């Protein structure tokens with residue numbers, strides 16, 4: 001069942017159809033919340049986002065893709081969480097399911113790859129918030145520029161410039177050592 005069919009059936013009262021959407025997008029929504037700053041509270045953010053998405057499903061424009069719409073709700077909920085904490089939470093990034101370039105029997109290669117990932121993640125954590133958000137959406141979540149703009153509620157030009165500046169800072173900081 002594709003997204004449009006699941007949405008149509010959900011609007012008609014088929015709870016199982018909405019469960020299909022939840023199952024399809026839960027991991028991505030969790031990763032988005034976690035990487036945008038929800039940290040250990042990402043599961044709560046995702047749960048609230050899916051509840052809000054369900055409540056607002058009648059207002060969803062069916063000619064638009066569901067994924068960026070849902071991720072925008074996740075981003076808003078994450079923002080609400082960090083704002084309600086009364087402080088900006090530090091972004092807790094991790095690369096999930098990233099295969100090591102080293103061979104499985106190469107502990108030294110695994111250690112080097114792990115060290116490189118750690119340095120890259122630390123450099124991403126130190127980026128200014130807008131640049132970090134753009135880089136995370138584009139390269140960690142693999143969203144298009146248009147999807148990133150929709151998720152962050154920014155113009156596409158802002159996504160491009162923030163991504164460009166963030167990548168330039170990362171290149172300055174980590175140089176070619178990660179290439």
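Don't overthink the numbers, they just go from 1 along the chain as shown.
Just so it is clear, glycine is given a Cβ too, placed from its N, Cα and C backbone atoms.
Taken from TrEMBL as is:
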- 21-88: domain 'RNA polymerase sigma-70 region 2' (DOMAIN)
- 119-170: domain 'RNA polymerase sigma factor 70 region 4 type 2' (DOMAIN)
The mean pLDDT across the domain 'RNA polymerase sigma factor 70 region 4 type 2' (119-170) is 90
Give me the DSSP three-state residue breakdown of the domain 'RNA polymerase sigma factor 70 region 4 type 2' (119-170), ordered helix, strand, coil.
42 helix, 0 strand, 10 coil
